[in-house]
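Undergrad: Sharing the record's features from Swiss-Prot:
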BINDING   121, 125, 126, 127  (6S)-5,6,7,8-tetrahydrofolate binding site
MOD_RES   229  N6-(pyridoxal phosphate)lysine
SITE      228  site 'Plays an important role in substrate specificity'
C-alpha cells in the first residue's frame with residue numbers, strides 16, 4: 001500500500017536535487033529555444049495522475065484490456081477537442097512524440113524505398129523530413145529541397161524538383177523557417193506529380209490553433225504536430241487530417257497501433273486533452289498574438305544593431321540570426337548567452353561555412369518568454385542585452401558585459417516568474 005505522503009525528496013535526495021535545480025534554472029533563465037514552452041500546472045497535474053498505471057492497447061471502444069472505460073472517456077475528449085481546435089475530421093492522439101507521429105505517417109502511406117521530398121535539415125527542415133541520419137532517410141529514398149539565399153522557399157524550384165524526382169510524398173513543415181508556407185501551392189505541386197502532401201506543423205501548431213498562421217489541414221492529406229511547442233502542452237505527438245479518405249485514416253491508425261506503438265500513455269493523453277481545452281479559450285488567441293508581436297519586436301532590435309536576420313524578418317514565433325558577418329559561430333554565441341542566463345540554440349544558416357555542431361547562427365523563439373508575461377517592451381530590452389553580449393564576445397569586456405546582463409536577467413525573471 002502506498003501512502004500519499006510519500007515524496008521523492010526524502011526517498012531519493014540526489015534525484016530531487018536535480019529536479020529542484022532544474023526548477024530554479026527555468027525560473028532564473030530566459031528561455032528562447034523555439035521548440036520549448038511551459039506547460040500549465042493543470043497539464044502537469046494530468047501527467048501526474050493515476051492514469052499512468054493504466055494499459056489501454058487499442059482505441060476507444062476497441063481495447064485489448066479490461067477496465068478502460070475511463071481511459072476511453074479521456075481519449076475521446078482529447079480527440080474531439082483536437083478536431084474542434086484544428087478543423088479536422090480525423091485525429092489520433094496516441095503518438096508518444098512528433099517523430100513517432102511522422103514515422104506512423106510514413107509507415108502507413110509509403111513502402112520502404114519510396115521517394116520523399118522534404119526540406120533539408122541544413123535549410124530549416126527536421127531530422128524526420130529525410131535527413132540521412134534519421135530513419136526517414138534510411139528506410140525511404142529522401143530527396144531534399146532548400147531555401148534561397150534570402151531564406152525563402154522557391155516554389156518554382158520545388159515544382160521542378162518534384163517533377164524531376166517524382167516523390168510519392170512531399171513533406172511540408174520545418175524546425176527553423178520564419179516565414180509563411182504556401183500550403184495551397186505545395187498541394188498543387190503534390191497533385192501535379194501524384195504525391196501525398198504531408199505537413200509537419202509542430203512548430204506553428206499553437207499559432208495555427210489561434211488562427212494566426214495558415215492552417216495546412218484544408219490542403220494536406222495528413223498533418224502531424226507535437227503538443228509541447230507553441231501549443232504549450234505535454235511532450236507528445238498528434239496526427240490529424242480532414243482529407244475525408246477513410247482508407248487513409250485506417251492506415252494511419254494501424255501504423256500507430258499495432259505497427260509502431262503498443263499501449264498509449266493515457267496520462268499524457270489526459271494532459272493533451274487539458275492542453276486542447278486551454279487552446280480553445282479566448283485568452284489563448286491573445287497569447288499567440290503576443291508570441292508573434294514579441295518575435296517581430298525582437299527582430300527589429302537585432303536589425304537595428306546590424307545583425308542579419310535570415311529572410312529579413314519573421315511571420316511566426318521564431319527567427320534566425322546570421323552571425324557570419326560578425327565573425328562569430330553559433331556555438332560561441334550560444335555559450336556566451338548561456339553564461340548570462342539567456343538560453344538559445346546554435347543553428348545553421350543558409351550557405352553556412354561551419355559544421356552542423358558549430359554553425360554560424362542562433363535560433364530565437366518567443367513562446368516561453370511570452371507565456372511568462374514578457375511584453376514587447378520587455379523583449380526589445382532583452383534583444384538589446386543579447387546584442388550587447390554578442391558584441392562583447394572575444395573582447396576585453398566580455399566577462400563584465402555577461403555579468404551585467406545576468407544581473408538584469410535575474411531581475412526580470414524575479415519580476416515575471418514562470419510559476420507564481
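Keep in mind that glycine also has a Cβ here, set from the backbone N, Cα and C atoms.
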Undergrad: Whole-number Å only: compute the distance from the Cα of residue 228 (site 'Plays an important role in substrate specificity') to the Cα of residue 121 ((6S)-5,6,7,8-tetrahydrofolate binding site).
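TA: Pair distance, Cα basis, whole Å: 21 Å.
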Undergrad: If I take the alpha carbons of residue 121 ((6S)-5,6,7,8-tetrahydrofolate binding site) and the residue listed as 'N6-(pyridoxal phosphate)lysine', what is the distance between them in whole Å?
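TA: If we compare the Cα positions of residue 121 ((6S)-5,6,7,8-tetrahydrofolate binding site) and the residue listed as 'N6-(pyridoxal phosphate)lysine', the gap is 18 Å.
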Undergrad: Among 121, 127, the binding-site residues in question, whose Cβ has the most other Cβ atoms within 10 Å in this structure?
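TA: Ranked by Cβ atoms within 10 Å, first place goes to 121.
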Undergrad: What's the CA to CA span in angstrom from residue 229 (N6-(pyridoxal phosphate)lysine) over to residue 125 ((6S)-5,6,7,8-tetrahydrofolate binding site)?
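TA: Given the Cα positions, residue 229 (N6-(pyridoxal phosphate)lysine) is 16 Å from residue 125 ((6S)-5,6,7,8-tetrahydrofolate binding site).
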Undergrad: Have a look around residue 126 ((6S)-5,6,7,8-tetrahydrofolate binding site) and count the other CB atoms within 10 A of its CB, chains all included.
TA: 24
Undergrad: Around residue 229 (N6-(pyridoxal phosphate)lysine), how many other CB atoms lie within 10 A of its CB?
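TA: Step by step: centre on the Cβ of residue 229 (N6-(pyridoxal phosphate)lysine), count other Cβ atoms within 10 Å, giving 27.
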Undergrad: Restricting to the same chain and to sequence separations of six or more, state which residues have a Cβ under 8 Å from that of residue 125 ((6S)-5,6,7,8-tetrahydrofolate binding site).
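TA: The answer is 118, 119, 131, 144, 171, 173, 174, 175.
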Undergrad: Please report the three-state DSSP label of the residue listed as 'N6-(pyridoxal phosphate)lysine'.
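TA: Note: the residue listed as 'N6-(pyridoxal phosphate)lysine' is coil by DSSP, not helix or strand.
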